[in-house]
Amino acid sequence: MTAPGFVEFPDSPFHLYQPYPPAGDQPGAIDALTEGVSDGLMFQTLLGVTGSGKTYTMANMIARLGRPALVLAPNKTLAAQLYAEMREFFPRNAVEYFVSYYDYYQPEAYVPTRDLFIEKDSSINEHIEQMRLSATKSLLERRDTVIVGTVSCIYGIGNPGDYHAMVLILRTGDRISRREVLARLVAMQYTRNDADFTRGVFRVRGETIDIFPAESPELALRLTLFDDEIESLELFDPLTGRVRQKLPRFTVYPGSHYVTPRETVLRAIETIKEELRERLAQLIADGKLVEAQRLEQRTRFDLEMLQELGFCKGIENYSRHLSGAAPGEPPPTLIDYLPADALMFIDESHVTIGQLGGMYRGDRSRKETLVQYGFRLPSALDNRPLRLEEFEARMRQCVFVSATPAAYEQEHADNVVEQVVRPTGLVDPIVEVRPAHTQVDDLLGEIHKRAALQERVLVTTLTKRMAEDLTDFLSEHGVRVRYLHSDIDTVERVEIIRDLRLGVFDVLVGINLLREGLDIPEVSLVAILDADKEGFLRSERSLIQTIGRAARNLNGRAILYADRITDSMRRAIDETERRRAKQIQHNTDHGITARGVSKAVRELIDGVVAPAGHDALESAVPAEVLTDEKAMAREIRRLEKLMMDHARNLEFEQAAAARDALNALKSRLLLDGVG
């Protein structure tokens with residue numbers, strides 16, 4: 001096997017880290033899809049089974065073609081998983097994350113039956129907002145960019161032309177007055193705060209202006225002026241004040257995607273006034289005087305804010321006026337920031353395409369009520385997500401990625417490439433059908449067998465009630481079990497899955513959450529209760545996806561509890577058997593022995609290994625270190641540095657773990673010295 005290392009391709013700006021060369025069906029899939037893109041095919045499908053390395057195939061395609069790429073996932077959990085993997089494959093390139101930055105979001109709404117107006121209320125995640133700004137910056141600056149995102153990318157953000165027009169380019173030796181720099185920063189939605197220096201803030205001390213770029217995770221810019229000339233530009237650490245790098249030039253990007261040049265705002269104010277006059281005349285003619293008064297009061301306040309500050313609360317509702325679009329035209333989105341030759345990958349496309357189609361309708365019905373009752377101008381209807389046909393019109397060359405492509409992919413794909421054989425030689429799980437009337441007792445026996453072997457089990461039920469009852473039953477019988485349901489938020493869901501992998505518990509019960517993309521190699525058994533109840537949760541596609549969760553384990557097995565075999569079950573079992581036969585044949589032909597997947601449990605967003613526990617850190621110290629005094633001293637210095645780094649980043653739990661390991665090592669050194 002070739003040693004891990006970086007691979008480069010002609011005319012490609014990407015440096016691909018290959019932990020291993022492509023294997024199984026990967027080389028054929030990479031060649032076929034790359035050739036399809038080069039031949040100008042718009043739509044292709046990668047039909048890749050679970051654990052066949054679809055992400056690795058995508059990374060190889062991106063590196064070979066050398067074009068910027070957008071990878072769409074159906075939810076934040078899978079997007080985080082893809083982002084972490086892409087960062088491992090492209091550590092030297094710009095891998096960015098673009099998902100909704102709301103931790104909590106209550107949209108503006110009106111309930112006519114109760115005359116209740118609900119103000120927009122939201123909580124924005126600062127870290128994700130910084131990552132979104134970093135994503136658009138990378139797209140505008142570099143060709144070696146991979147963006148991993150969700151359906152959030154079809155919602156309006158600022159016009160790329162306006163956003164680009166607002167950047168502030170600073171060069172050493174350029175002439176610019178202090179007053180002009182400050183005015184430009186305010187126009188870019190930076191705020192002055194000389195006390196609390198955080199992202200999107202600038203501070204001024206005499207001739208020195210410190211700017212904390214909105215898209216920067218940790219470094220700020222120090223601009224030193226000599227009269228009206230830029231004397232120096234330095235990147236520094238805002239915490240310690242230490243200068244990291246001197247720069248000849250620096251580009252400051254706007255503090256928000258919704259920044260707009262002053263002349264555009266003034267032009268928009270006039271068109272908003274014109275629309276307001278027309279709408280008021282219409283409401284008064286219809287005898288809707290309360291609505292007319294309400295609309296005039298709200299809109300005039302917004303106009304005053306726009307006139308004075310250049311932005312207002314809810315500015316996105318005026319996006320049509322600000323972008324100069326015609327009525328009915330959609331707002332600019334992340335897709336508009338992509339170069340014309342960019343690549344698109346839609347992961348788990350059978351789910352994601354459905355989401356892309358459904359976003360527009362729900363948004364429309366809520367806004368129509370707001371317009372009807374005078375809370376918003378009719379142009380607010382054009383601040384909306386893209387319709388599916390509008391998304392299609394903006395699509396770049398695209399690869400649909402799924403183990404179970406739906407009708408849409410089958411109709412649109414010009415080329416279907418199968419990736420059924422896994423690089424590890426693992427084959428699809430054996431599928432068994434057992435009677436449903438004894439399912440719970442039978443399952444309990446199977447769980448005890450797996451738990452004894454340190455393996456994990458996923459159980460999927462049809463209803464919440466059944467999932468709760470089953471969890472209680474298993475818990476009473478001494479099984480370490482957790483229940484995953486829709487009320488659990490994204491972060492907690494990721495933690496539960498991580499705990500399952502770490503062996504904190506052995507069995508995870510769920511309904512519809514144990515499907516697409518869940519990467520849990522430790523799971524050796526998937527049990528599907530009431531598999532013969534035909535419907536969405538037991539359709540052919542759902543069954544294949546759920547069975548696939550056991551495909552990453554050497555002893556993978558799926559048990560379908562059913563009293564009869566439905567058409568969906570038959571098709572799912574036949575497809576699994578077809579794939580299994582092909583995989584076994586490939587292993588036999590090439591003399592491959594299947595090996596299990598060993599994958600580090602990492603924090604998804606930061607892409608780092610999960611923080612070790614107190615004992616784990618100490619036990620992770622190599623045995624030879626404990627017997628060599630010099631090596632032990634080096635290890636103590638390393639742990640001290642690690643502890644300080646964690647403390648500086650406010651990661652106090654990890655800092656405490658490093659401190660405990662440090663104390664344990666020092667005690668060991670002391671005891672050995674005494675002995």
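Each residue, glycine too, has its Cβ placed from N, Cα and C.
Residues 101-124 are the range that Swiss-Prot records as motif 'Beta-hairpin', among 29-52, 101-124, 269-292, 389-412.
Per DSSP, the secondary structure of the motif 'Beta-hairpin' (101-124) breaks down as 3 helix, 15 strand, 6 coil. Summary of the ATP site environment: with the site residues Gly48, Val49, Thr50, Gly51, Ser52, Gly53, Lys54, Thr55 set aside, the chain residues having Cβ atoms within 8 Å of the Cβ mean position are Thr57, Ala403, Gln419, Arg422. According to DSSP, the domain 'UVR' (633-668) comprises 33 helix, 0 strand, 3 coil. Within 10 Å of the C-beta atom of Gly48 (ATP binding site) sit 24 other C-beta atoms, taking all shown protein chains into account. Thr55 (ATP binding site) falls within a helix when secondary structure is assigned with DSSP.
By a simple count of nearby Cβ atoms, those within 10 Å, the most crowded of the binding-site residues Thr50, Ser52, Thr55 is Ser52. Same-chain residues at least 6 positions away in sequence with a Cβ under 8 Å from that of Lys54 (ATP binding site) are, in sequence order, Leu46, Gly48, Asp347, Val401, Gln419.
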